[in-house]
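Colleague: Take a look at this one; I'll ask things after.
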Ligand code: DOR
Ligand code: ZN
Ligand code: ZN
């Protein structure tokens, strides 16, 4: 079985490739990347004027299975990932039950294999039941296929338990993905604390609720030497702290979401509950710091924090609504339209942020078009302009503040292990 992707602009930053080339795939693996390949046996994909790059990897999604399948399940989540241009996703453990033992992790992998669309890696819970009291069996989680541990949705409040988790994960060189939120400071908060929260009459979540825990976890990374990855950084303070930690040579990385890069707290004034997310959309000053952090390399990657919710969790008063944004099906278009098209970052930088660096953080052999690698490839049409129509979402979560917007630059084909899993917005 052969596929030949012809005439696309191939971007493979690891191999310094940025040129019009062909990519030949044989039996699921990349055979060669060259100019003018001809192969009579291969199925041809015409990629003229398209971008051909290593498959995008999302370190941070919520697939809600087991237990909350009415919001999303592994099949609907995988479909959303595939049409969104992602070939690999890592799913967070705040399911019910939580991914706090090997059998839940194996179940998720099994369900993902049966769905057979994208690579799904589970992330184990730091503590049992995400209760913050007792460590999960971390070695067991790793044996069952977990690629990281996290308490996402919550923060491990006890510094002592966090220290123990880091000491433990250090032994396995396992990334610990931190959702940084001091719940004492953020409690009852609905949106970013500042000018607009005052005007809109909503309780604020101060930037310091994030900064305090980022500072703590940097200190604990220094103490233990463990790999700490900061989820969805949203504040200027967090960027500054992480920049200093990196300068010091600590083992820290971080991600930012498309929504935190693009949307400010001002839009909460419509009281559209799809703007309600944790951490909250911040003010312009913070957004500028995030963009700077991307440019100077403090921010390693972009992750969606795809957090699908049922309409009942959003079709209510702002203060009662669930936190979260359904992000997989708009991420590439949002970054292409708002950042690449406005010359804030290059497409190559986008590929680094969404394929190369996530693979490097996970320590997996992906994020490049190396010959012999499994063929995970994303093809993007930089000129395609479409409206965000949630009726067409494969995700069960229609909760996006980007609904109705017109965006330019969309993924048009997703190839996983040499198989086309999505084409023109349709799952294959
Ligand atoms: O907005 C959010 N939603 N932030 C989180 O940390 C958790 C997530 C969810 O699970 O819905
Ligand atoms: Zn989180
Ligand atoms: Zn999350």
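Backbone N, Cα and C define each Cβ position, glycine as well.
So TrEMBL has the following annotated:
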DOMAIN    50-236  domain 'Dihydroorotase catalytic'
BINDING   60, 62, 152, 305  Zn(2+) 1 binding site
BINDING   62, 63, 64, 94, 309, 323, 324  substrate binding site
BINDING   152, 179, 232  Zn(2+) 2 binding site
ACT_SITE  305  active site
Colleague: Going by Cα-Cα distance, which of the binding-site residues (62, 64, 309) sits nearest to residue 232 (Zn(2+) 2 binding site)?
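Modeller: Smallest Cα separation from residue 232 (Zn(2+) 2 binding site) among 62, 64, 309: 62.
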Colleague: With every protein chain in view, what's the tally of Cβ atoms within 10 Å of the Cβ of residue 232 (Zn(2+) 2 binding site), excluding that atom itself?
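Modeller: Other Cβ atoms within 10 Å of residue 232 (Zn(2+) 2 binding site): 25.
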Colleague: Compute the mean position of the Cβ atoms of 152, 179, 232, which form the recorded Zn(2+) 2 site, and then list in sequence order the other residues of that chain whose Cβ is within 8 Å of it.
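Modeller: Output for this site, in sequence order: 60, 92, 150, 153, 177, 178, 180, 181, 231, 278, 279, 305.
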Colleague: Restricting to the same chain and to sequence separations of six or more, state which residues have a Cβ under 8 Å from that of residue 309 (substrate binding site).
Modeller: 71, 322, 324, 326, 397, 399
Colleague: Identify, among the binding-site residues 60, 64, 179, the residue whose Cβ has the fewest other Cβ atoms within 10 Å in this structure.
Modeller: 179
Colleague: Please name which of the binding-site residues listed here, 63, 64, 94, is nearest in space to residue 152 (Zn(2+) 1 binding site), Cα against Cα.
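Modeller: Nearest by Cα distance to residue 152 (Zn(2+) 1 binding site): 94.
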Colleague: Among the binding-site residues listed here (62, 179, 305), which has the Cα closest to the Cα of residue 94 (substrate binding site)?
Modeller: 62
Colleague: Report, in whole Å, the straight Cα-to-Cα distance of residue 179 (Zn(2+) 2 binding site) from residue 60 (Zn(2+) 1 binding site).
Modeller: 11
